[in-house]
């Protein structure tokens, strides 16, 4: 998803387009990895001095509820990234930097075959580890 797509989702749901929301979405599009709310707040504070953590957090949860961003828990903390909408895939997530890599493999059919009497509504596969760049920096 890009910023314009996200703004379209906001408008389709009767929500206001604001420069703050656009700038927050731009951060996700530009960085393209999982980010915590504090990082977003610090980035936003450069252009909007004094922006509250509550304002950032409310918008993050609004974006998540609308499917604009995705979330995961990493090291006991919620992290967010722009939603991937181009095709079904899963992610490798670096535990150090939050960088993500696409995994174009989905085990859901195998899982369904092992659970024939259940109705699976949705699924999410995340693989965690240390990316090549962080490994290189550690050595």
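Quick reminder: no glycine exception, Cβ is built from N, Cα and C everywhere.
Copied over from Swiss-Prot, here are the features:
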type    : residues         : note
BINDING : 88, 90, 109, 123 : Fe cation binding site
BINDING : 94, 97           : Zn(2+) binding site
REGION  : 1-85             : region 'DNA-binding'
REGION  : 86-139           : region 'Dimerization'
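A map of Swiss-Prot features onto the structure.
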| residue | record | Cβ contacts under 8 Å, 6 or more apart |
| --- | --- | --- |
| 88 | Fe cation binding site | 106 |
| 90 | Fe cation binding site | 102, 103, 105, 106, 124, 125, 126, 127 |
| 94 | Zn(2+) binding site | 33, 100, 129, 130, 131, 133, 134 |
| 97 | Zn(2+) binding site | 33, 131, 133, 134 |
| 109 | Fe cation binding site | none |
| 123 | Fe cation binding site | 108, 111 |
Mean pLDDT across the region 'DNA-binding' (1-85), rounded to an integer, is what? 92
Going by DSSP, give the three-state secondary structure for residue 97 (Zn(2+) binding site). coil
Would you list, in sequence order, the residues of this chain other than 88, 90, 109, 123 that have their CB within 8 A of the centroid of the site's CB atoms, where the site is the one recorded for Fe cation? 89, 106, 107, 108, 125
